[in-house]
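Here's the feature list from Swiss-Prot:
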type	residues	note
BINDING	125-140, 151-183	FAD binding site
DOMAIN	41-145	domain 'FAD-binding FR-type'
TRANSMEM	8-25	transmembrane segment
Amino acid sequence: MAESMNKIFIAIIAIAVAAAATKMFTSEEPKSKALPVLVKGEYMQFPLVSIKKLNRNSAIYRFKLPTDEHVLGLPIGQHITIKAHIDGSEVVRSYTPISLDSEAKGYFELLIKSYEQGKISKMFTSLKIGDTIDVQGPKGFYEYTDRSSKHLAMIAGGSGLTPMYQIIKSIAENPKDKTKVTFIYGNVEEIDILLRDDLDKFAASKPGQITIHYLLDKPSENWKGGSGYVTPELMKEKLPAPADGVQLLVCGPLPMVSAIKRSAVALGFPKAKPVSKMNDQVFVF
């Protein structure tokens with residue numbers, strides 16, 4: 001009897017060991033955790049790996065991170081600072097990447113519109129594959145989460161699109177994010193509308209939740225969107241009225257931003273502060 005029980009016990013142990021070994025060799029490796037690369041207050045260099053031309057003066061520049069497991073480490077809505085030495089002087093400018101840490105492992109992307117008087121933006125047009133840029137971050141006082149607001153009213157002009165694009169993309173790709181977005185995006189001509197296909201795709205993915213209104217200064221005869229400037233009347237017609245849970249986000253050329261801030265006050269929004277903070281109802285990037 002004792003011998004029989006010993007045999008049963010040994011058999012049970014053997015089965016358990018075999019099962020454990022099978023699990024050890026067949027289980028999937030745990031997914032490696034993304035490694036943020038940015039260190040606040042420190043400049044880091046990243047090499048250019050590709051350029052995608054969008055139109056006559058805009059392109060997407062992709063830069064490589066140290067490994068494919070690294071992410072930039074930038075909260076949604078924040079920006080980086082780029083430093084360059086141009087004509088004997090140090091020049092610093094801020095840019096918001098269009099890539100999100102949730103998808104961009106091993107790289108980050110910047111949408112750059114080159115302006116005639118823009119020293120850094122013109123510097124980008126001279127970059128060649130393998131050239132590096134000096135980057136510091138994260139910077140900024142806005143950090144989007146799906147609990148930030150119930151309804152985001154956005155207004156942007158030209159390359160001021162980039163922080164809005166990041167936020168809209170995050171909302172569109174998160175099934176649990178129910179934040180409403182109403183976005184007025186102004187440009188000079190139709191060719192100047194940046195990442196339009198992506199924006200239309202985001203809106204189509206959540207109809208009724210994400211709404212985008214295009215506005216042109218110089219529309220063609222066949223243009224079916226809006227025309228002119230962002231006026232108080234247009235804001236009142238297209239955007240939500242000021243209320244709890246509504247936040248107005250603004251980014252673009254200084255004259256446009258100044259006019260929008262005045263219009264927002266006329267519509268009942270509080271006056272924008274000189275430096276916007278996360279909980280301000282009017283936030284200027």
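Sequential numbering from 1, following the chain as shown.
Every residue gets a Cβ built from N, Cα and C, even glycine.
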For Asp177 (FAD binding site), what is the secondary structure by DSSP, using just helix, strand and coil?
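Coil, per DSSP.
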Within 10 angstroms of the C-beta of Lys139 (FAD binding site), what count of other C-beta atoms is obtained when all protein chains are considered?
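The answer is 14 other Cβ atoms.
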So how many other Cβ atoms are close to Thr125 (FAD binding site), meaning within 10 Å of its Cβ?
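Result for Thr125 (FAD binding site): 13 neighbouring Cβ atoms inside 10 Å.
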Just to be sure I understand the packing, how many Cβ atoms besides its own are within 10 Å of the Cβ of Ala156 (FAD binding site)?
27
These are the binding-site residues: Thr132, Pro163, Ser170. Which one scores highest on other Cβ atoms within 10 Å?
Pro163
When the domain 'FAD-binding FR-type' (41-145) is classified with DSSP, how many of its residues are helical, how many are strand and how many are coil?
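When I sort the residues of the domain 'FAD-binding FR-type' (41-145) into the three classes, I find 7 helix, 49 strand, 49 coil.
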